[in-house]
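What follows is a single structure, written as structure tokens, with notes after it.
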Amino acid sequence: MNPSEMQRKAPPRRRRHRNRAPLTHKMNKMVTSEEQMKLPSTKKAEPPTWAQLKKLTQLATKYLENTKVTQTPESMLLAALMIVSMVVSLPMPAGAAVANYTNWAYVPFPPLIRAVTWMDNPIEVYVNDSVWVPGPIDDRCPAKPEEEGMMINISIGYRYPPICLGRAPGCLMPAVQNWLVEVPTVSPISRFTYHMVSGMSLRPRVNYLQDFSYQRSLKFRPKGKPCPKEIPKESKNTEVLVWEECVANSAVILQNNEFGTIIDWAPRGQFYHNCSGQTQSCPSAQVSPAVDSDLTESLDKHKHKKLQSFYPWEWGEKRISTPRPKIVSPVSGPEHPELWRLTVASHHIRIWSGNQTLETRDRKPFYTVDLNSSLTLPLQSCVKPPYMLVVGNIVIKPDSQTITCENCRLLTCIDSTFNWQHRILLVRAREGVWIPVSMDRPWEASPSVHILTEVLKGVLNRSKRFIFTLIAVIMGLIAVTATAAVAGVALHSSVQSVNFVNDGQKNSTRLWNSQSSIDQKLANQINDLRQTVIWMGDRLMSLEHRFQLQCDWNTSDFCITPQIYNDSEHHWDMVRRHLQGREDNLTLDISKLKEQIFEASKAHLNLVPGTEAIAGVADGLANLNPVTWVKTIGSTTIINLILILVCLFCLLLVCRCTQQLRRDSDHRERAMMTMAVLSKRKGGNVGKSKRDQIVTVSV
């Protein structure tokens, strides 16, 4: 075989791989398990909560106790990691039963309403014109016109009689009322000049008894300036209405039925015959357009009024005052002057002017009252949150103490387009309700951030590296701390605002009640502040409840209390009636429930959950602090040095004493030896030379 053939049959040479390192790197990256992919349904893990960390600490402590291992920070950490690994690795059994824990919860400002009753304090009703209607003004209402007239069906309960206006049982009936200023004249044919305003008001119950007077009640007379019987001096030269509150001689009864008795001590002027000094039979019948059955029709069509008689006409109860109804039976409540502002704005007011003339007929004086009107003014009255007006076919049922209304409308303003075929019910937002809430874990209170900070302060401010160890704990407390801080700032700001508004309102009442023109912008700002105070008052009451209660750590908008819900003691029908606002014998006893919950909260205030565990962890972390070690070593070295010095001193003293004893012993031995040598010699030193004696003695 020639060399060329041998060369052709030789095996081919292997090519060297230059990319062995990249292949090895890829082999190292190969895995046999399934690749973990992030799915759209995958949720981001939340930071550990305080309850989870506390439970983990408890489980780790129990595990170490069962295994009889000393509880050190290192062993606690390893036990906690082992428990977490077991919990994560073990699958959740399908159909596992979830424990159910039901506690009482306080929900502030729920989306519920309740009726404003005669026992509530008067509310703020704003008008757009304070020249003809006294009271706070605001021409920017409604605040949200797009929300006016929203449909609603209500079924709510009440304890005290609710405030309702309209033609329905349990509601105050509307009527037309006149307010007149009487100015005397000196003309021989004119006795008085009149300026009068007619508008919608509240209808009294009229009993045509002797002299056709209204039925009056002399009970529950309020304190105040009585209305004058004669024309006030300040009214003799004025042509404008000056509203001034006064108390009439007797009260008008506005309602007296199964819903209660409501009276009004405001004056209600009317024309009557002055029969003083008359020898003939003088009819004392009162003729007044104050009460008209046709309501708005009398204000629209009747533009001229004339009264004629052979006897002089007099206007009774000379003061211009607004109605102030109040309930006196079955309970006695405060006056509500704001209701008149709602009724007077339901239709325009009419302005009248006229006089009373004196003529002679059949040789007798003849008196004529002539009133004419050519001016009407539309008005608007509004309420602001948390108050609202429910308008519709309202039905009040006193037997069941419920109020129902289907297809009603929610309004905040009433104007001259209102139809009195409907009724007006004043409502407001509920301040808070108590309801049972179900949880899948036991109730646990929030840890005390103050105690936690005090316990860990010595660790955190000495060793910065421990901050990374405590990140998990602190992350669970950020939400609680932020909530507490915001609540504290809100309370502080609210108190400051209340004081500021109270200081600013000292001189505002006289300004609002006067008829002089005021700056509209300033008035709107003051009204906003007044309404803000009312709203903040409700918020402060809710915040006060929150401060008195111990709440679960995982709630911020409402408070889950430690009081367990007992179905046998408070069945759901009682809770339902409470949500409806009904308060009767079958309704949830809120006062008793509050007392039980406050007692349970007090019991939990003395026991701050997790404090012992936190203190143990802090002590363990403090032992790991190198600074502590250095301090311990330093203090131990000083003590040891002192002890060593003392020992050395004692040892030196012993050595010196030993040496001295040895010297003394040597001297005694030498002396004894010398004595022995001398005693063995016969004759002693006799016959010896002096030198030999000295040598012998020295030896």
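Cβ atoms here come from the backbone N, Cα and C positions, even for glycine.
According to Swiss-Prot, the protein has these features:
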type	residues	note
SIGNAL	1-89	signal peptide
REGION	1-47	region 'Disordered'
CARBOHYD	ASN100	N-linked glycosylation site
CARBOHYD	ASN128	N-linked glycosylation site
CARBOHYD	ASN153	N-linked glycosylation site
CARBOHYD	ASN274	N-linked glycosylation site
CARBOHYD	ASN355	N-linked glycosylation site
CARBOHYD	ASN372	N-linked glycosylation site
CARBOHYD	ASN461	N-linked glycosylation site
REGION	466-486	region 'Fusion peptide'
CARBOHYD	ASN507	N-linked glycosylation site
CARBOHYD	ASN554	N-linked glycosylation site
CARBOHYD	ASN566	N-linked glycosylation site
CARBOHYD	ASN585	N-linked glycosylation site
TOPO_DOM	654-699	topological domain 'Cytoplasmic'
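Locations of recorded Swiss-Prot features on the structure.
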residue : record                      : CB count, 10 Å
ASN128  : N-linked glycosylation site : 19
ASN153  : N-linked glycosylation site : 10
ASN274  : N-linked glycosylation site : 15
ASN355  : N-linked glycosylation site : 18
ASN372  : N-linked glycosylation site : 12
ASN566  : N-linked glycosylation site : 12
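Checked against ASN566 (N-linked glycosylation site) by C-alpha proximity, the glycosylation sites ASN153, ASN274, ASN355 yield ASN153 as the nearest. Cα separation, ASN128 (N-linked glycosylation site) to ASN274 (N-linked glycosylation site), rounded: 39 Å. Between ASN153 (N-linked glycosylation site) and ASN355 (N-linked glycosylation site), the C-alpha separation comes to 51 Å. Across the residues of the topological domain 'Cytoplasmic' (654-699), the predicted structure has a mean pLDDT of 67.
The separation of ASN372 (N-linked glycosylation site) from ASN274 (N-linked glycosylation site), Cα to Cα, is 23 Å.
A separation of roughly 9 Å, to the nearest angstrom, links the Cα atoms of ASN355 (N-linked glycosylation site) and ASN372 (N-linked glycosylation site). In this structure, ASN153 (N-linked glycosylation site) is part of a beta strand by DSSP.
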